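Per TrEMBL, the features are:
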- 42-293: domain 'G-protein coupled receptors family 1 profile' (DOMAIN)
- 29-50: transmembrane segment (TRANSMEM)
- 62-83: transmembrane segment (TRANSMEM)
- 103-121: transmembrane segment (TRANSMEM)
- 141-164: transmembrane segment (TRANSMEM)
- 198-222: transmembrane segment (TRANSMEM)
- 242-262: transmembrane segment (TRANSMEM)
- 274-295: transmembrane segment (TRANSMEM)
Amino acid sequence: METNSSQTGTLSFFLGGFSSWGPTQMWSAVPLCCTYLLALLGNLTVLSIIKVEQSLHTPMYLLLAVLAVADLGLSTSTFPTMLRMLWLEDRMISFGTCLAQMFFIHTFTDIESAVILAMAFDRYVAICHPLRYSSILTNSVVTKICVAIVVRTTLIQFPLPILLTRLCFTRVSKLSHPYCLHPDIIKHVGSDTRVNSAYGLFVLLSTLGLDLLFVLLSYLLILKTILNIATWRERLKALNTCISHICAVLLFFIPMICLSMMHRFGKHLSPQAYTFTANVHFLAPPILNPVVYSVKTKAIRRRILR
């Protein structure tokens, strides 16, 4: 189907990620649907507990609530398309819908990355400057941080779909994933993509890359402070307050780094490798973050048991 930049409204993409159809393929939608419901249940439970419990209206738990919102947005941006593919055997997605999905996936991904950085700063202040914690991180400061995160992410992600509308797509192209991602879309462009690739790399480095750098810096300072504590019991107690956040960092950034490297340097890898890494990156954090924080956070665990 030949088209150009003035005909992007009629352009469609063929979603990938699942190799073949059949009864097994359709039945695989059942655990996927259960996984989606589990992600919704876990994050909504965390949000409801933080809302009901007045004692949890503190900076750390407010950031946890924003993380749950980002996880809800990320899972809702990805799971429905996958379920539609498996249940309805509908792989086609229009250009406009694809751009909208791409925008929301990357936006909620960047929001989650920034919130993880804010939580790293929260742990840094709590461990390195415990006496000044309540004066440095107030609810008002956390609210301003969250507003700044949303504004930064929206402004930096908004040009991505606009830049794609000026490109020429030569035919209905098969994507590598069952949802739309910017590095995957520009592989199928029939015109010059240097501007899009350069801006995409800038977005990646200025958001996820910069956030990861500051997270690592925060933990270097935290580790330095912990090693200066006299007894091992106190060291373990201080480190234990970071376990949940460390799990969130590993769940989010390790698959993200692998997926980014694969899109840029793994051109000869199998489609299954792309699909597995992308699914781990986008689907695992919304499911596992509520579980980790519910298990490791005493206040939330007690409220769930009640």
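Glycine too: its Cβ is placed from the backbone N, Cα and C atoms.
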Per-residue pLDDT averaged over the domain 'G-protein coupled receptors family 1 profile' (42-293), given as an integer: 88
Same-chain residue ranges lying at least 6 outside the transmembrane segment (198-222) that approach it to Cβ under 8 Å: 106, 109-110, 113-114, 116-117, 120-121, 123-124, 127-128, 152-153, 156-157, 159-160, 163, 182-183, 186, 242, 246, 249, 253, 256-257, 260
Residue numbers, six or more beyond the limits of the transmembrane segment (274-295), whose CB comes under 8 Å of its CB atoms: 16-18, 35, 38-39, 42-43, 45-46, 64, 67-68, 71-72, 74-75, 78-79, 105, 109, 112, 176-179, 181, 244, 247-248, 251-252, 255-256, 258-259, 262-263, 266, 301, 304
Outside the transmembrane segment (141-164), six or more residues from its ends: residues with CB under 8 Å to it: 59, 62-63, 66, 99-100, 102-103, 106-107, 110-111, 114-115, 118, 182, 185-186, 195-196, 199-200, 203, 206-207
Distal contacts, the transmembrane segment (103-121) - CB-CB under 8 A, six or more residues away: 60, 63-64, 66-67, 70-71, 73-74, 77-78, 137, 142, 145-146, 149-150, 152-154, 156-158, 160-161, 179-182, 203, 207-208, 211-212, 214-215, 218-219, 245, 248-249, 252-253, 256, 282, 285
